[in-house]
Amino acid sequence: MPALSLIALLSLVSTAFARQWEVHPPQQQGRHWAQICSGNPFNRIRGCDRYGCGNYGASRQGKGEKHKGVDVICTDGSIVYAPFSGQLSGPIRFFHNGNAIDDGVQISGSGYCVKLVCIHPIRYHGQIQKGQQLGRMLPMQKVFPGIVSHIHVENCDQSDPTHLLRPIPDISPPFPQQDAHWAVVCAGNPTNEIRGCDKYGCGYFGAPRRNGKGEKHKGVDVICADGATVYAPFSGELSGPVKFFHNGNAIDDGVQIRGSGFCVKLLCIHPIRYNGRISKGQVLGRMLPMQRVFPGIISHIHVENCDRSDPTSNLERGKGESEMEV
């Protein structure tokens, strides 16, 4: 969808939302909400992409309007949790055109009132507890290819919810390391979740590659938002650069780590250096802008063992075990 069409829809949304406001309790200060989306333990807010920016008050082109909520990064299909305990009401329609993400719900309670949009809740009415599963993220890439998929989070009084979401800079691995498995590879993906399937293919080891040669995927694709911090999965010696495409595109970079009984190549990242020692969990670099090269793909780090064996078991970090409130 062209950016101008999105802008027009957002303008309609703001008008429609304004008509729905009732008297709500003031938003409390000094408290924090729970994790909203699995895979985003710090409620990281969307930056800027070709459709706009996700921060509160960001400019909305066309009518001089401002963004009245914040966009919390959430991969399509991810589990969504209740940020606080309260009463559900809905459905909440954002676009009023029946598209694939035109759904949402309101939660009112605990001194707060918020609308979470572009999700499909498990129900629209009744009580819900803080941290309880609320629903699933809808397929935003189907509607806006290449956007940073996100939940639109808007206080009912249109005040700024940013301080309640407590975004924290990615300065350290989000979870303690365990010797049995590799560390967290990408900030915002604490379980090293592997890319599923999109229009470009699938991310699991051995997935077919559509190149006409019957080849299989020789690594796994660990989900990682463009620009996210990347960590060393284990301690070892760096070497590189490692080029994947050999065409100089925006993601043609990477590095190899050898040590601790492992050898792996991490591609589509820009490392802080190509040589020297690195420790498990230490900052390794940044995810490169994959959306710029493959619009609409699930952005990811290509992780490939040097001997081309399957690294999946090393990456597993107990899905579902630490994805509630942090």
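The backbone N, Cα and C atoms fix where each Cβ goes, glycine too.
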Q | Recorded disulfide partner - Cys37, candidates Cys74, Cys113, Cys118, source Swiss-Prot | A | Cys74
Q: For the disulfide involving Cys113, grab the partner from Cys53, Cys156 as Swiss-Prot records it.
A: Cys156
Q) Of the listed cysteines Cys53, Cys118, which one does Swiss-Prot record as disulfide-linked to Cys48? A) Cys53
(Q) For the Zn(2+) site that Swiss-Prot describes with His67, Asp71, which of these is also annotated: His32, His120, His125, His152? (A) His152
Q: Note the Cβ centroid of His67, Asp71, His152, the recorded Zn(2+) site, then list each other residue of that chain whose Cβ lies within 8 Å of it, in sequence.
A: Arg46, Gly54, Tyr56, Ala58, Gly69, Val70, His150, Val153, Glu154
Q: Drop a 10 Å sphere on every Cβ of the disulfide-bonded residues Cys53, Cys74, Cys113 and tell me which sphere holds the fewest other Cβ atoms.
A: Cys53
Q: Round to the nearest Å and give the CA-to-CA distance linking Cys113 (disulfide bond) with Cys74 (disulfide bond).
A: 21
(Q) Long-range neighbours only, meaning 6 or more apart in sequence with Cβ under 8 Å: which ones does His67 (Zn(2+) binding site) have? (A) Gly52, Cys53, Gly54, Asn55, Tyr56, Gly57, Ala58, Ser59, Arg60
**Q.** the repeat '1' (28-162) - residue tally per DSSP class, helix then strand then coil
**A.** 5 helix, 51 strand, 79 coil
